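A.B. asks: Before anything else, here's the structure in question.
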Amino acid sequence: MATVPTYGLRRLNSGRPWMQNFRRSSILSSAIPAIQDSEESQFDSPKPKTQSYFPKRGQTLELVCESLAFKGKGVCKVADTGFVVLCDRALPGERFVGRVTRKKGNYAEVTKVETISPHWDIVDAPCEYAPNCGGCKTQNLSYEAQVRAKEQQVQELVIHVGKFSDKDPEFSSILKPIVPCDIQFHYRNKMEFSFATQKWLPRELLHEKEDGASGYALGLHAPGFFDKVLNVNKCLLQSEPANTVLAAIQECWRDPQFGLSPYDVHSHDGFLKHLVLRTGRDIKTGLPELMVNFVTSSYKPELLKPLVEKISAIPEVVSIVNNINTSVGSTSVGEQEYILHGKSAITEILRGLTFQISANSFFQTNTHQAEVLYKLIEDCAGLRGDGSEIVLDLFCGTGTIGLTLSRRVRHVYGYEVVAQAVSDARRNAKLNSICNATFVEGDLNKIGENFGKDFPKPDVVISDPNRPGMHMKLIKFLLKLKVPRIVYVSCNPATCARDLDYLCHGVVEQNIEGCYKLKSLQPVDMFPHTPHIECVCLLELR
(Lines of atoms letter the chains of each structure in order from A; the text may use other names.)
(Lines give C-alpha, C1' and ligand atoms only; values in the text may rest on other atoms or scores of the structure.)
Protein backbone atom coordinates (compact mmCIF):
# COMPACT_ATOMS: atom_id res chain seq x y z
CA MET A 1 0.00 0.00 0.00
CA ALA A 2 1.30 3.45 -0.87
CA THR A 3 1.34 6.07 1.82
CA VAL A 4 -1.30 8.70 1.18
CA PRO A 5 0.30 12.10 1.85
CA THR A 6 -1.43 14.42 4.26
CA TYR A 7 -0.92 18.08 5.02
CA GLY A 8 -1.46 19.73 8.32
CA LEU A 9 -3.83 22.26 6.82
CA ARG A 10 -7.35 22.95 7.92
CA ARG A 11 -10.02 22.43 5.29
CA LEU A 12 -10.94 25.81 3.97
CA ASN A 13 -14.65 25.61 4.67
CA SER A 14 -16.54 28.69 3.74
CA GLY A 15 -18.58 30.74 6.11
CA ARG A 16 -20.54 31.98 3.13
CA PRO A 17 -23.81 30.43 1.99
CA TRP A 18 -22.70 30.86 -1.63
CA MET A 19 -20.06 28.22 -1.02
CA GLN A 20 -22.19 25.87 1.05
CA ASN A 21 -24.91 25.91 -1.61
CA PHE A 22 -22.62 25.60 -4.61
CA ARG A 23 -24.87 24.30 -7.36
CA ARG A 24 -24.12 21.58 -9.84
CA SER A 25 -24.84 23.92 -12.72
CA SER A 26 -22.11 26.33 -11.71
CA ILE A 27 -19.40 23.75 -12.26
CA LEU A 28 -20.78 21.88 -15.21
CA SER A 29 -21.42 25.08 -17.13
CA SER A 30 -17.73 25.83 -17.31
CA ALA A 31 -16.51 22.25 -17.47
CA ILE A 32 -18.34 21.72 -20.75
CA PRO A 33 -15.69 23.12 -23.10
CA ALA A 34 -13.05 20.98 -21.42
CA ILE A 35 -15.03 17.77 -21.77
CA GLN A 36 -17.76 17.66 -24.40
CA ASP A 37 -20.83 19.59 -25.44
CA SER A 38 -23.14 16.71 -24.50
CA GLU A 39 -22.62 17.68 -20.84
CA GLU A 40 -25.10 20.54 -21.41
CA SER A 41 -27.95 18.19 -20.65
CA GLN A 42 -26.75 17.94 -17.05
CA PHE A 43 -27.60 21.53 -16.06
CA ASP A 44 -30.07 21.89 -13.25
CA SER A 45 -31.73 25.10 -14.39
CA PRO A 46 -35.48 24.62 -13.90
CA LYS A 47 -37.56 23.77 -16.95
CA PRO A 48 -38.87 26.84 -18.79
CA LYS A 49 -42.57 27.59 -18.58
CA THR A 50 -42.62 30.30 -21.22
CA GLN A 51 -40.41 31.53 -24.02
CA SER A 52 -39.65 34.66 -21.94
CA TYR A 53 -37.79 32.39 -19.55
CA PHE A 54 -34.72 32.59 -21.81
CA PRO A 55 -32.85 35.92 -21.67
CA LYS A 56 -32.32 37.42 -25.11
CA ARG A 57 -29.03 38.51 -26.61
CA GLY A 58 -28.43 42.19 -25.84
CA GLN A 59 -30.82 42.14 -22.89
CA THR A 60 -29.55 43.75 -19.66
CA LEU A 61 -30.13 42.02 -16.33
CA GLU A 62 -29.48 42.91 -12.71
CA LEU A 63 -27.63 39.94 -11.25
CA VAL A 64 -25.88 38.75 -8.10
CA CYS A 65 -22.85 36.49 -8.42
CA GLU A 66 -23.36 33.39 -6.26
CA SER A 67 -20.09 31.53 -6.77
CA LEU A 68 -17.04 30.96 -8.92
CA ALA A 69 -17.11 28.21 -11.50
CA PHE A 70 -14.17 26.29 -12.88
CA LYS A 71 -12.08 28.66 -15.06
CA GLY A 72 -13.01 31.54 -12.77
CA LYS A 73 -16.27 32.78 -14.26
CA GLY A 74 -18.90 34.08 -11.89
CA VAL A 75 -22.12 32.06 -11.63
CA CYS A 76 -25.38 33.99 -11.38
CA LYS A 77 -29.08 33.11 -11.67
CA VAL A 78 -31.81 35.18 -13.22
CA ALA A 79 -34.32 36.33 -10.62
CA ASP A 80 -37.64 34.42 -10.54
CA THR A 81 -36.55 31.85 -13.14
CA GLY A 82 -33.25 30.53 -11.77
CA PHE A 83 -31.76 30.49 -15.27
CA VAL A 84 -27.97 30.17 -15.07
CA VAL A 85 -25.71 32.86 -16.53
CA LEU A 86 -21.92 33.13 -16.43
CA CYS A 87 -19.99 36.37 -16.23
CA ASP A 88 -16.26 36.87 -16.58
CA ARG A 89 -14.74 38.92 -13.72
CA ALA A 90 -17.85 38.72 -11.56
CA LEU A 91 -17.01 37.67 -8.00
CA PRO A 92 -19.18 36.12 -5.26
CA GLY A 93 -21.54 38.58 -3.60
CA GLU A 94 -21.16 41.23 -6.32
CA ARG A 95 -24.38 42.86 -7.54
CA PHE A 96 -24.06 44.16 -11.07
CA VAL A 97 -25.78 44.88 -14.37
CA GLY A 98 -24.85 42.46 -17.15
CA ARG A 99 -25.62 42.36 -20.87
CA VAL A 100 -26.36 38.99 -22.46
CA THR A 101 -23.79 38.21 -25.16
CA ARG A 102 -24.75 34.67 -26.09
CA LYS A 103 -26.85 31.66 -25.12
CA LYS A 104 -25.58 28.11 -25.12
CA GLY A 105 -27.86 25.24 -24.18
CA ASN A 106 -29.24 25.79 -20.71
CA TYR A 107 -27.09 28.74 -19.77
CA ALA A 108 -26.10 32.15 -21.11
CA GLU A 109 -23.04 34.38 -20.90
CA VAL A 110 -23.14 38.04 -19.94
CA THR A 111 -20.67 40.91 -19.95
CA LYS A 112 -20.51 43.12 -16.91
CA VAL A 113 -21.73 46.65 -17.68
CA GLU A 114 -21.77 48.22 -14.23
CA THR A 115 -21.12 47.14 -10.64
CA ILE A 116 -23.90 48.14 -8.24
CA SER A 117 -22.27 46.83 -5.05
CA PRO A 118 -18.92 45.05 -4.61
CA HIS A 119 -18.21 41.39 -3.89
CA TRP A 120 -17.47 39.68 -0.59
CA ASP A 121 -13.87 39.18 0.60
CA ILE A 122 -12.80 42.25 -1.35
CA VAL A 123 -9.18 43.42 -1.22
CA ASP A 124 -7.28 46.09 -3.13
CA ALA A 125 -5.54 44.63 -6.18
CA PRO A 126 -1.88 45.75 -6.01
CA CYS A 127 -1.45 45.65 -9.80
CA GLU A 128 -2.55 48.72 -11.76
CA TYR A 129 -3.44 46.54 -14.76
CA ALA A 130 -5.63 44.08 -12.84
CA PRO A 131 -9.01 45.49 -13.97
CA ASN A 132 -8.20 44.95 -17.66
CA CYS A 133 -5.42 42.34 -17.90
CA GLY A 134 -6.26 38.75 -18.73
CA GLY A 135 -3.58 37.32 -16.43
CA CYS A 136 -4.89 37.86 -12.87
CA LYS A 137 -8.66 37.79 -12.75
CA THR A 138 -9.04 37.48 -8.97
CA GLN A 139 -6.39 39.82 -7.53
CA ASN A 140 -9.12 41.80 -5.78
CA LEU A 141 -10.47 38.66 -4.06
CA SER A 142 -8.76 37.66 -0.81
CA TYR A 143 -6.36 34.78 -1.27
CA GLU A 144 -8.17 32.62 1.29
CA ALA A 145 -11.39 33.04 -0.71
CA GLN A 146 -9.56 32.15 -3.92
CA VAL A 147 -8.25 28.81 -2.66
CA ARG A 148 -11.57 28.08 -0.94
CA ALA A 149 -13.34 28.46 -4.28
CA LYS A 150 -10.79 26.30 -6.10
CA GLU A 151 -11.15 23.52 -3.54
CA GLN A 152 -14.92 23.61 -3.92
CA GLN A 153 -14.66 23.54 -7.71
CA VAL A 154 -12.55 20.39 -7.59
CA GLN A 155 -15.01 18.76 -5.20
CA GLU A 156 -17.99 19.52 -7.44
CA LEU A 157 -16.22 18.22 -10.54
CA VAL A 158 -15.19 15.01 -8.78
CA ILE A 159 -18.80 14.45 -7.71
CA HIS A 160 -20.67 15.42 -10.87
CA VAL A 161 -18.19 14.56 -13.62
CA GLY A 162 -16.15 11.88 -11.85
CA LYS A 163 -19.28 10.30 -10.34
CA PHE A 164 -17.78 9.84 -6.90
CA SER A 165 -20.38 10.12 -4.15
CA ASP A 166 -19.84 12.59 -1.34
CA LYS A 167 -22.10 10.29 0.72
CA ASP A 168 -19.34 7.69 0.70
CA PRO A 169 -17.85 7.57 4.24
CA GLU A 170 -14.34 7.63 2.71
CA PHE A 171 -14.96 10.67 0.49
CA SER A 172 -13.81 13.27 3.02
CA SER A 173 -10.54 11.43 3.56
CA ILE A 174 -9.95 10.97 -0.19
CA LEU A 175 -10.38 14.63 -1.15
CA LYS A 176 -7.62 16.50 0.66
CA PRO A 177 -7.64 20.19 1.60
CA ILE A 178 -6.06 22.34 -1.08
CA VAL A 179 -2.39 23.19 -0.64
CA PRO A 180 -2.11 26.99 -0.93
CA CYS A 181 0.91 28.76 -2.37
CA ASP A 182 3.12 30.53 0.15
CA ILE A 183 4.26 33.05 -2.47
CA GLN A 184 1.38 34.87 -4.17
CA PHE A 185 3.39 37.32 -6.30
CA HIS A 186 6.61 37.15 -8.33
CA TYR A 187 6.25 33.37 -8.55
CA ARG A 188 6.37 32.88 -12.32
CA ASN A 189 9.72 31.98 -13.87
CA LYS A 190 8.45 32.61 -17.41
CA MET A 191 6.36 35.39 -18.95
CA GLU A 192 5.52 35.95 -22.60
CA PHE A 193 4.70 39.47 -23.79
CA SER A 194 3.45 40.45 -27.25
CA PHE A 195 4.20 43.41 -29.50
CA ALA A 196 1.34 45.17 -31.31
CA THR A 197 0.84 48.14 -33.59
CA GLN A 198 -1.73 49.77 -31.30
CA LYS A 199 -2.17 49.84 -27.52
CA TRP A 200 -5.48 48.44 -26.37
CA LEU A 201 -7.30 50.85 -24.09
CA PRO A 202 -10.48 50.37 -22.03
CA ARG A 203 -13.42 52.42 -23.20
CA GLU A 204 -13.01 55.10 -20.53
CA LEU A 205 -9.41 55.78 -21.69
CA LEU A 206 -9.97 55.86 -25.45
CA HIS A 207 -9.41 59.62 -25.43
CA GLU A 208 -5.74 58.88 -24.58
CA LYS A 209 -5.17 56.95 -27.80
CA GLU A 210 -1.86 57.78 -29.49
CA ASP A 211 -0.85 57.37 -33.12
CA GLY A 212 2.43 56.23 -34.63
CA ALA A 213 5.24 54.70 -32.60
CA SER A 214 3.89 56.22 -29.38
CA GLY A 215 0.83 54.04 -29.77
CA TYR A 216 2.78 50.78 -30.16
CA ALA A 217 2.18 48.18 -27.45
CA LEU A 218 4.30 45.65 -25.61
CA GLY A 219 2.36 43.70 -23.04
CA LEU A 220 -0.35 41.10 -22.52
CA HIS A 221 -3.39 40.29 -24.63
CA ALA A 222 -6.66 41.83 -23.60
CA PRO A 223 -9.07 39.07 -22.50
CA GLY A 224 -10.73 37.42 -25.47
CA PHE A 225 -8.67 39.19 -28.15
CA PHE A 226 -5.80 37.71 -30.16
CA ASP A 227 -5.05 41.04 -31.82
CA LYS A 228 -5.34 43.52 -28.94
CA VAL A 229 -2.49 44.07 -26.50
CA LEU A 230 -2.63 45.93 -23.19
CA ASN A 231 0.65 47.81 -22.75
CA VAL A 232 2.37 46.63 -19.56
CA ASN A 233 5.45 48.18 -17.94
CA LYS A 234 5.56 45.83 -14.96
CA CYS A 235 4.04 42.44 -14.09
CA LEU A 236 3.71 41.40 -10.46
CA LEU A 237 3.77 37.72 -11.36
CA GLN A 238 7.32 37.67 -12.73
CA SER A 239 10.62 38.20 -10.90
CA GLU A 240 11.95 41.66 -10.11
CA PRO A 241 14.97 41.23 -12.44
CA ALA A 242 12.54 40.32 -15.23
CA ASN A 243 10.63 43.53 -14.55
CA THR A 244 13.90 45.46 -14.75
CA VAL A 245 14.47 44.02 -18.23
CA LEU A 246 10.89 44.75 -19.33
CA ALA A 247 11.16 48.36 -18.15
CA ALA A 248 14.49 48.82 -19.95
CA ILE A 249 13.03 47.58 -23.24
CA GLN A 250 9.90 49.70 -22.84
CA GLU A 251 12.09 52.78 -22.43
CA CYS A 252 13.68 52.57 -25.85
CA TRP A 253 12.16 50.16 -28.36
CA ARG A 254 9.76 52.74 -29.81
CA ASP A 255 12.59 55.18 -30.58
CA PRO A 256 12.31 55.91 -34.35
CA GLN A 257 16.10 55.90 -34.76
CA PHE A 258 16.19 52.14 -34.04
CA GLY A 259 13.77 51.35 -36.89
CA LEU A 260 11.93 48.66 -34.92
CA SER A 261 8.36 47.82 -35.88
CA PRO A 262 5.82 45.59 -34.09
CA TYR A 263 4.30 42.71 -36.02
CA ASP A 264 0.78 43.31 -37.33
CA VAL A 265 -1.31 40.15 -37.02
CA HIS A 266 -3.68 41.35 -39.74
CA SER A 267 -1.33 42.59 -42.47
CA HIS A 268 1.51 40.23 -41.39
CA ASP A 269 4.01 43.07 -41.66
CA GLY A 270 6.47 44.10 -38.99
CA PHE A 271 9.46 42.65 -37.15
CA LEU A 272 8.95 42.22 -33.37
CA LYS A 273 6.48 39.50 -32.37
CA HIS A 274 7.12 38.48 -28.76
CA LEU A 275 9.36 39.07 -25.79
CA VAL A 276 9.81 36.00 -23.58
CA LEU A 277 11.54 36.41 -20.20
CA ARG A 278 12.71 33.34 -18.26
CA THR A 279 14.20 33.38 -14.76
CA GLY A 280 16.46 30.65 -13.39
CA ARG A 281 19.15 30.33 -10.72
CA ASP A 282 22.91 30.18 -10.86
CA ILE A 283 23.75 26.75 -9.40
CA LYS A 284 26.87 28.09 -7.66
CA THR A 285 25.55 31.31 -6.12
CA GLY A 286 21.81 30.65 -6.02
CA LEU A 287 21.24 34.13 -7.47
CA PRO A 288 18.69 34.74 -10.26
CA GLU A 289 19.78 34.57 -13.89
CA LEU A 290 17.70 35.67 -16.85
CA MET A 291 17.17 34.61 -20.44
CA VAL A 292 15.72 37.18 -22.82
CA ASN A 293 14.16 35.79 -26.01
CA PHE A 294 13.18 38.13 -28.84
CA VAL A 295 10.79 36.40 -31.23
CA THR A 296 10.91 38.09 -34.63
CA SER A 297 9.49 37.53 -38.10
CA SER A 298 12.95 37.45 -39.70
CA TYR A 299 16.64 37.40 -38.79
CA LYS A 300 17.98 40.97 -38.61
CA PRO A 301 20.41 41.06 -35.68
CA GLU A 302 21.51 44.59 -36.53
CA LEU A 303 18.01 45.84 -35.61
CA LEU A 304 18.17 44.18 -32.20
CA LYS A 305 21.70 45.36 -31.43
CA PRO A 306 20.67 48.54 -29.49
CA LEU A 307 18.30 46.52 -27.29
CA VAL A 308 20.89 43.79 -26.74
CA GLU A 309 23.51 46.34 -25.70
CA LYS A 310 21.12 47.96 -23.24
CA ILE A 311 19.81 44.85 -21.48
CA SER A 312 23.08 42.90 -21.51
CA ALA A 313 24.34 45.52 -19.03
CA ILE A 314 21.78 44.24 -16.48
CA PRO A 315 23.79 41.85 -14.22
CA GLU A 316 21.16 39.10 -14.08
CA VAL A 317 20.92 38.81 -17.88
CA VAL A 318 23.15 35.88 -18.89
CA SER A 319 21.45 34.87 -22.13
CA ILE A 320 19.84 36.76 -25.01
CA VAL A 321 18.49 34.72 -27.90
CA ASN A 322 16.52 35.42 -31.06
CA ASN A 323 13.87 32.97 -32.24
CA ILE A 324 12.80 33.42 -35.86
CA ASN A 325 9.16 32.65 -36.54
CA THR A 326 8.13 33.28 -40.16
CA SER A 327 4.61 31.86 -39.77
CA VAL A 328 1.53 34.06 -39.56
CA GLY A 329 0.48 32.40 -36.28
CA SER A 330 1.05 33.82 -32.83
CA THR A 331 3.31 31.11 -31.42
CA SER A 332 6.55 32.15 -29.75
CA VAL A 333 8.43 29.00 -30.80
CA GLY A 334 10.83 29.74 -33.62
CA GLU A 335 11.96 27.67 -36.58
CA GLN A 336 15.52 28.88 -35.98
CA GLU A 337 17.33 30.24 -32.95
CA TYR A 338 20.39 32.49 -32.69
CA ILE A 339 22.38 33.40 -29.59
CA LEU A 340 22.90 37.16 -29.38
CA HIS A 341 24.57 37.31 -25.98
CA GLY A 342 25.89 34.89 -23.37
CA LYS A 343 24.69 31.31 -22.91
CA SER A 344 22.18 29.23 -24.86
CA ALA A 345 20.39 28.12 -21.68
CA ILE A 346 19.86 29.04 -18.05
CA THR A 347 19.72 26.67 -15.07
CA GLU A 348 17.27 25.91 -12.28
CA ILE A 349 17.39 23.58 -9.28
CA LEU A 350 14.42 21.35 -8.46
CA ARG A 351 14.33 18.57 -5.86
CA GLY A 352 18.12 18.65 -5.66
CA LEU A 353 18.65 18.24 -9.41
CA THR A 354 19.98 20.76 -11.90
CA PHE A 355 17.98 21.46 -15.04
CA GLN A 356 19.07 23.37 -18.12
CA ILE A 357 16.29 25.51 -19.58
CA SER A 358 16.50 26.61 -23.19
CA ALA A 359 14.27 29.20 -24.84
CA ASN A 360 11.57 26.71 -25.82
CA SER A 361 11.95 24.13 -23.04
CA PHE A 362 8.95 23.25 -20.90
CA PHE A 363 9.60 23.74 -17.20
CA GLN A 364 7.20 24.11 -14.29
CA THR A 365 6.34 27.81 -14.27
CA ASN A 366 6.24 28.15 -10.48
CA THR A 367 9.52 26.66 -9.25
CA HIS A 368 8.75 27.20 -5.56
CA GLN A 369 5.40 25.40 -5.70
CA ALA A 370 6.81 22.73 -8.02
CA GLU A 371 8.92 21.57 -5.07
CA VAL A 372 5.68 21.00 -3.15
CA LEU A 373 3.99 19.35 -6.13
CA TYR A 374 6.86 16.94 -6.82
CA LYS A 375 7.10 15.97 -3.14
CA LEU A 376 3.40 15.07 -3.29
CA ILE A 377 3.96 13.00 -6.43
CA GLU A 378 6.85 11.13 -4.81
CA ASP A 379 4.80 10.45 -1.67
CA CYS A 380 1.87 9.17 -3.75
CA ALA A 381 4.18 6.89 -5.76
CA GLY A 382 4.91 5.00 -2.53
CA LEU A 383 8.32 3.88 -3.72
CA ARG A 384 10.11 1.28 -1.61
CA GLY A 385 13.40 3.05 -2.21
CA ASP A 386 15.39 -0.15 -2.67
CA GLY A 387 16.06 0.46 -6.35
CA SER A 388 13.90 -2.44 -7.53
CA GLU A 389 10.91 -0.70 -9.12
CA ILE A 390 10.09 0.36 -12.67
CA VAL A 391 8.40 3.72 -13.26
CA LEU A 392 6.54 4.59 -16.47
CA ASP A 393 6.44 8.38 -16.87
CA LEU A 394 3.74 9.33 -19.39
CA PHE A 395 3.70 12.85 -20.90
CA CYS A 396 7.12 13.26 -19.30
CA GLY A 397 8.00 16.62 -20.90
CA THR A 398 11.61 17.46 -20.12
CA GLY A 399 11.77 14.56 -17.66
CA THR A 400 11.56 16.56 -14.43
CA ILE A 401 9.22 14.17 -12.57
CA GLY A 402 10.89 10.96 -13.71
CA LEU A 403 14.38 12.27 -13.03
CA THR A 404 13.48 13.33 -9.48
CA LEU A 405 12.21 9.76 -8.84
CA SER A 406 15.13 8.01 -10.56
CA ARG A 407 17.33 7.99 -7.48
CA ARG A 408 14.97 5.55 -5.74
CA VAL A 409 14.01 3.18 -8.58
CA ARG A 410 15.58 0.68 -10.94
CA HIS A 411 14.60 2.46 -14.14
CA VAL A 412 12.38 5.25 -15.46
CA TYR A 413 10.83 5.07 -18.93
CA GLY A 414 9.48 8.40 -20.15
CA TYR A 415 7.28 9.09 -23.18
CA GLU A 416 6.70 12.49 -24.73
CA VAL A 417 5.47 13.72 -28.13
CA VAL A 418 7.58 16.91 -28.33
CA ALA A 419 11.00 16.12 -29.81
CA GLN A 420 12.74 19.10 -28.20
CA ALA A 421 11.40 18.12 -24.77
CA VAL A 422 12.74 14.57 -25.19
CA SER A 423 16.12 15.99 -26.15
CA ASP A 424 16.07 18.24 -23.08
CA ALA A 425 15.13 15.27 -20.86
CA ARG A 426 18.09 13.26 -22.12
CA ARG A 427 20.41 16.24 -21.64
CA ASN A 428 19.14 16.81 -18.09
CA ALA A 429 19.69 13.14 -17.25
CA LYS A 430 23.28 13.41 -18.45
CA LEU A 431 23.78 16.70 -16.59
CA ASN A 432 22.80 14.99 -13.33
CA SER A 433 24.74 11.76 -14.06
CA ILE A 434 21.50 9.75 -14.16
CA CYS A 435 21.90 6.55 -16.17
CA ASN A 436 18.69 4.71 -15.27
CA ALA A 437 16.27 6.87 -17.29
CA THR A 438 15.19 6.30 -20.90
CA PHE A 439 13.19 8.92 -22.76
CA VAL A 440 11.29 8.06 -25.94
CA GLU A 441 9.56 10.34 -28.44
CA GLY A 442 6.02 9.15 -29.11
CA ASP A 443 2.43 10.34 -29.38
CA LEU A 444 0.44 8.82 -26.50
CA ASN A 445 -2.80 9.73 -28.25
CA LYS A 446 -1.92 7.36 -31.11
CA ILE A 447 -0.57 4.29 -29.35
CA GLY A 448 -0.97 0.96 -31.10
CA GLU A 449 -1.18 -2.68 -30.06
CA ASN A 450 2.60 -2.90 -29.62
CA PHE A 451 2.84 -0.10 -27.08
CA GLY A 452 4.23 -1.47 -23.84
CA LYS A 453 6.45 -4.13 -25.40
CA ASP A 454 9.56 -1.94 -25.26
CA PHE A 455 9.73 -1.77 -21.47
CA PRO A 456 9.14 -4.19 -18.55
CA LYS A 457 5.84 -4.02 -16.70
CA PRO A 458 6.02 -0.97 -14.43
CA ASP A 459 5.27 -0.91 -10.72
CA VAL A 460 4.11 2.71 -10.85
CA VAL A 461 2.71 4.85 -13.67
CA ILE A 462 2.98 8.63 -13.53
CA SER A 463 0.62 10.35 -15.97
CA ASP A 464 0.79 14.12 -16.41
CA PRO A 465 -1.30 14.91 -19.51
CA ASN A 466 -2.01 18.35 -20.90
CA ARG A 467 -5.41 20.00 -20.56
CA PRO A 468 -7.43 17.59 -22.79
CA GLY A 469 -6.51 14.70 -20.49
CA MET A 470 -5.83 11.15 -21.58
CA HIS A 471 -7.02 9.61 -24.86
CA MET A 472 -9.32 6.61 -24.54
CA LYS A 473 -6.63 4.45 -26.19
CA LEU A 474 -4.28 5.20 -23.31
CA ILE A 475 -6.96 4.62 -20.70
CA LYS A 476 -7.70 1.21 -22.21
CA PHE A 477 -3.98 0.42 -22.17
CA LEU A 478 -3.71 1.29 -18.47
CA LEU A 479 -6.79 -0.76 -17.59
CA LYS A 480 -5.26 -3.72 -19.40
CA LEU A 481 -1.78 -3.16 -17.92
CA LYS A 482 -3.09 -3.19 -14.33
CA VAL A 483 -0.12 -1.66 -12.57
CA PRO A 484 -0.43 -1.52 -8.76
CA ARG A 485 -0.40 2.30 -8.57
CA ILE A 486 -1.14 5.21 -10.89
CA VAL A 487 -0.29 8.78 -9.93
CA TYR A 488 -2.38 11.10 -12.12
CA VAL A 489 -1.14 14.70 -12.21
CA SER A 490 -3.58 17.12 -13.83
CA CYS A 491 -3.71 20.80 -14.74
CA ASN A 492 -7.42 20.50 -15.65
CA PRO A 493 -9.72 19.14 -12.91
CA ALA A 494 -12.60 18.70 -15.39
CA THR A 495 -10.81 16.22 -17.66
CA CYS A 496 -9.07 14.75 -14.62
CA ALA A 497 -12.46 13.92 -13.07
CA ARG A 498 -13.59 12.36 -16.35
CA ASP A 499 -10.48 10.15 -16.59
CA LEU A 500 -10.78 9.11 -12.93
CA ASP A 501 -14.34 8.02 -13.68
CA TYR A 502 -13.13 5.88 -16.59
CA LEU A 503 -10.27 4.29 -14.63
CA CYS A 504 -12.37 3.59 -11.53
CA HIS A 505 -15.89 3.03 -12.86
CA GLY A 506 -15.26 2.05 -16.48
CA VAL A 507 -17.23 3.05 -19.56
CA VAL A 508 -20.51 1.15 -19.79
CA GLU A 509 -21.20 2.24 -23.39
CA GLN A 510 -17.93 0.67 -24.54
CA ASN A 511 -18.17 -2.36 -22.26
CA ILE A 512 -15.01 -1.24 -20.41
CA GLU A 513 -14.65 -2.14 -16.73
CA GLY A 514 -12.73 0.08 -14.31
CA CYS A 515 -10.28 -1.62 -11.99
CA TYR A 516 -8.87 1.16 -9.82
CA LYS A 517 -9.84 2.76 -6.53
CA LEU A 518 -9.26 6.46 -5.92
CA LYS A 519 -7.25 6.69 -2.69
CA SER A 520 -6.30 10.34 -2.63
CA LEU A 521 -6.95 13.56 -4.53
CA GLN A 522 -4.86 16.57 -3.57
CA PRO A 523 -5.60 19.99 -5.14
CA VAL A 524 -2.58 22.31 -5.30
CA ASP A 525 -2.71 26.01 -6.03
CA MET A 526 0.19 26.57 -8.42
CA PHE A 527 -0.97 29.94 -9.77
CA PRO A 528 -2.49 32.41 -7.29
CA HIS A 529 -4.91 35.03 -8.67
CA THR A 530 -5.71 32.84 -11.68
CA PRO A 531 -8.40 30.17 -12.17
CA HIS A 532 -5.87 27.36 -12.76
CA ILE A 533 -5.76 24.35 -10.43
CA GLU A 534 -3.35 21.41 -10.27
CA CYS A 535 -4.37 18.03 -8.81
CA VAL A 536 -2.35 14.99 -7.72
CA CYS A 537 -4.39 11.79 -7.62
CA LEU A 538 -3.41 8.36 -6.30
CA LEU A 539 -5.16 5.31 -7.75
CA GLU A 540 -4.56 1.75 -6.52
CA LEU A 541 -5.51 -1.49 -8.23
CA ARG A 542 -8.57 -3.06 -6.66
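Glycine is no exception: its Cβ is also placed from the backbone N, Cα and C atoms.
What TrEMBL records for Cys491 is active site, nucleophile. The S-adenosyl-L-methionine binding site annotation in TrEMBL covers Gln364, Phe395, Glu416, Asp464. The feature domain 'TRAM' is assigned by TrEMBL to 54-114.
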A.B. asks: Which residues of the same chain, at least 6 positions away in sequence, have a Cβ lying under 8 Å from the Cβ of Asp464 (S-adenosyl-L-methionine binding site)?
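C.D. replies: In sequence order, Asp393, Leu394, Phe395, Cys396, Gly397, Ile401, Val489, Ser490 meet the Cβ cut-off.
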A.B. asks: With DSSP as the reference, give the number of residues of the domain 'TRAM' (54-114) in helix, strand and coil.
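C.D. replies: Breakdown, helix to coil: 0 helix, 35 strand, 26 coil.
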A.B. asks: Using all protein chains shown, find which of the recorded positions Gln364, Phe395, Glu416, Cys491 scores highest when you count other CB atoms within 10 A of its CB.
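C.D. replies: Going through Gln364, Phe395, Glu416, Cys491 one by one, the largest Cβ count within 10 Å is at Glu416.
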A.B. asks: In whole Å, how far is Cys491 (active site, nucleophile) from Glu416 (S-adenosyl-L-methionine binding site) when you measure between their Cα atoms?
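C.D. replies: Rounded to a whole number, the Cα-Cα distance is 17 Å.
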A.B. asks: Centre the Cβ atoms of Gln364, Phe395, Glu416, Asp464, go out 8 Å, and tell me which other residues of that chain have a Cβ in range of the S-adenosyl-L-methionine site.
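C.D. replies: My list of surrounding residues reads Phe362, Asp393, Cys396, Gly397, Thr398, Thr400, Ile401, Pro465, Asn466, Val489.
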A.B. asks: Mean pLDDT for the domain 'TRAM' (54-114), as a whole number?
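C.D. replies: It averages 90.
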A.B. asks: I'm trying to understand the geometry here, so how far is the Cα atom of Gln364 (S-adenosyl-L-methionine binding site) from the Cα atom of Cys491 (active site, nucleophile), in Å to the nearest whole number?
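C.D. replies: Given the Cα positions, Gln364 (S-adenosyl-L-methionine binding site) is 11 Å from Cys491 (active site, nucleophile).
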